[in-house]
Amino acid sequence: MIKGISGGQKKRLTTGELLVGSARVLFMDEISTGLDSATTYQIIKYLRHSTHALDGTTIISLLQPAPETYELFDDVILIAEGQIVYQGPREYAVDFFAAMGFRCPERKNVADFLQEVLSKKDQQQYWCHYNYPYQFVSVSKFAEAFKTFTIGKRLQEELAVPYNRHRNHPAALCTSSYGVKRLELLKSNYQWQRLLMKRNSFIYVFKFIQLLLVALITMTVFFRSTMHHDSVDDGIIYLGALYFAIVMILFNGFTEVSMLVTKLPVLYKHRDLHFYPPWAYTLPSWLLSIPTSLYESGMWVLVTYYVVGYDPQFTRFLGQFLLLFFLHQTSLALFRVMASLGRNMIVANTFGSFALLVVMILGGFIITKESIPVWWIWGYWVSPMMYAQNAISVNEFHGHSWSKQFENQNITMGEAILTGYGLFKEKYWFWIGVGALFGYAVVLNILFTMFLTILNPIGNLQAVVSKDEIRHKDSRRKNERVALELRSYLHSNSLSGNLKEQKGMVLPFQPLSMCFRNVNYYVDVPEELKKQGIAEDRLQLLVDVTGAFRPGILTALVGVSGAGKTTLMDVLAGRKTGGLIEGSITISGYPKNQETFTRISGYCEQNDVHSPCLTVIESLLYSACLRLPSHVDADTQRAFVEEVMELVELNPLSGALVGLPGVNGLSTEQRKRLTIAVELVANPSIVFMDEPTSGLDARSAAIVMRTVRNIVNTGRTIVCTIHQPSIDIFESFDELLFMKRGGQLIYAGPLGAKSRNLVEFFEAIPGVPKIRDGYNPAAWMLEVTSTQMEQILGVDFAEYYRQSKLFQ
């Protein structure tokens, strides 16, 4: 796995990739996932300015937008159950729902309110007509009411007027599908792929060394001192050596399958966004493969030709090199076709293996032409290996070494060997073979281009809802009130460290705390950065980080993208295998031992990785069987798994297939809860969670955080990294570790009721702006501690924290 930028930085890179172009209409889907609220605000602010200045159109879907980010938008489209509930100016959205009898409370994010007011589970809490009994208002009723609302009427009137074509935007008169000329597209792709080959040079060097080692082994097996030119049996040995050379060159292109399948998501994205046509990618890839074929086939011939004892004529040497070169080109093109046709690693490897098997069997050496059944003979004529085998054999056996007369017949020894093995003996078959392989290379590259053009990624985007989910749907809707429960946790006893009463679990566990002092983490500086002027040999990612995680306390690990949140959590969890780690880490006062620590800890990764063919309960039972102590019997294991499922509210989905992310099976929010449950069935005392709410809307994030709070109330130690939390979610945490870019800690301590402790700490710094009423403390603290604010105030927040009473 190649290390690179963080997940949030990749999100920004994806956004920037589109902004550098000339597009004036932008459709952006969940661009804030994995970004902190301050960074999201800056990006949306830039998009707002560029849209207004360039007279463009920008449509963005966001998950859990902060209030200040939401206020940057001009219009809002609120959609639910496939119906538009509201479309119009942002400032009138709340007025529409107020007219329907639903009011947005103070300190409530308007974006969260707009989502929750449409949910049957949360709608009642916003009812403001207390003189009238509440009745659930469905999405369809809201949609009908919007048509009679002022904004809705105006929208219908505007749509009823025929469009004036004289008002067409000049950018709509597009004369080309692509931004630049074809030659520029070709040149850019050539430079891009050349750079990728340079960055992946290890693969090509490894392939070359592998082929060199096999060539050295081959020349010792078929050594010329034991190779003679006296009989047909000697010729068959030479045929075997030639066949082995063909197989090795053919096999050498198999790596193209995995390399191309890995690139396909990027190629499909670039194609669909009209960055360039597929031929602009396939042509440079073909041109850049020519040097690879030259030095790999050339190396094989140089190492093996004269040592094995082939015909010493230099023209024969050049003939074998030319043939293997075109065979290598055909091999690369063939496996690129298999990859572009399969589009999936498993399918493409299956296609590639099958194609290789068919080509080898019908190549005329394993089974001679006379032995192939009549109904399979067409396969012999279409196999590129047949042309390679005949051409390379003709090239060798028409040489001077095989020119002696064969048993008083009017043929040479070489011709007798060719005829006896069912190969063609005419000299022109060498050029037929060269021409056929060249033709195959051309045709296969054309097919490669065609498949990239017409085929789409494998997989239908669809969701599967289990029968249990449907059966329990109504009962869950009647009994759940997610937002109300989440708010009740803000004032729970766990805020002060006292646990709520919780019934004992089937399996007991030992509550444990984790303390760490002056943790530093260094990694080696890549060569690319050294070339840019960085003189240090090591790069420090964490700087003297000190803190503690306690049982029954929910701790948030927050910071801007690239601050080192995930790095710190990986270091504490023992998941960093490279680099240098300094500092002290103790578990309940004892030095941390990684071998035993893995038994009492769990780690929920940001990417939910599960077996798609298992059901929810099967996934949990499998994890429990592998990770619980051997003295726990099967009945106890199952009872514990069912208890965990109840804890994370997965009971209705126990029989649902997990499925593939974004294709079928569980939703993103359900996968998050399953990831948490898989770790909980190991009965850990300490659980690390990497961004459990990323990629979720406000409501789904609330469900996940309610699950996390349930786990905390059992007495476990929970640590979460989190991005863009709403006020409700942020204030559901008990303590906070706040990091700035560079891996330095600038706050570690309790949040307090309504984040009072956090706000008072930063407001005490001279020059820091006071938080506005109703403003999200999470967004405010990121804004007032930014790098720009440090420069304006002349304050190092990390140093200020180290000198504070809170740190002491």
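Numbers here mean position along the shown chain, with the first residue as 1.
A Cβ is built for glycine as well, from the same backbone N, Cα and C atoms used for every other residue.
Database features, via TrEMBL:
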- 202-223: transmembrane segment (TRANSMEM)
- 235-254: transmembrane segment (TRANSMEM)
- 275-294: transmembrane segment (TRANSMEM)
- 314-335: transmembrane segment (TRANSMEM)
- 347-367: transmembrane segment (TRANSMEM)
- 428-452: transmembrane segment (TRANSMEM)
- 523-766: domain 'ABC transporter' (DOMAIN)
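Touching of the transmembrane segment (235-254) and the transmembrane segment (428-452) is ruled out by the presence of fewer than three CB pairs under 8 A, sequence neighbours closer than 6 excluded. Sequence-distant contacts of the transmembrane segment (275-294), counting only residues of its own chain at least 6 positions beyond either end whose CB sits under 8 Å from a CB of the stretch, comprise 177-178, 182, 185-186, 188-190, 193-194, 197, 204, 267, 325, 328-329, 332-333, 336, 445, 448-449, 452-453. With a threshold of 8 Å between CB atoms, the same-chain residues lying at least 6 positions outside the transmembrane segment (314-335) that come near it are 245-246, 249-257, 260, 286, 289-290, 292-294, 296-298, 300-301, 305-306, 352, 355, 359, 384, 388, 391-392, 395-396, 399, 430, 433-434, 437-438, 440-441, 444-445, 448. When Cβ-Cβ distances below 8 Å are used as the criterion, the transmembrane segment (428-452) is approached by residues 267, 271, 278-279, 281-282, 286, 319, 322-323, 326-327, 329-330, 333-334, 336-337, 340-341, 384, 387-388, 390-392, 394-395 of the same chain, each at least six residues removed from its ends.
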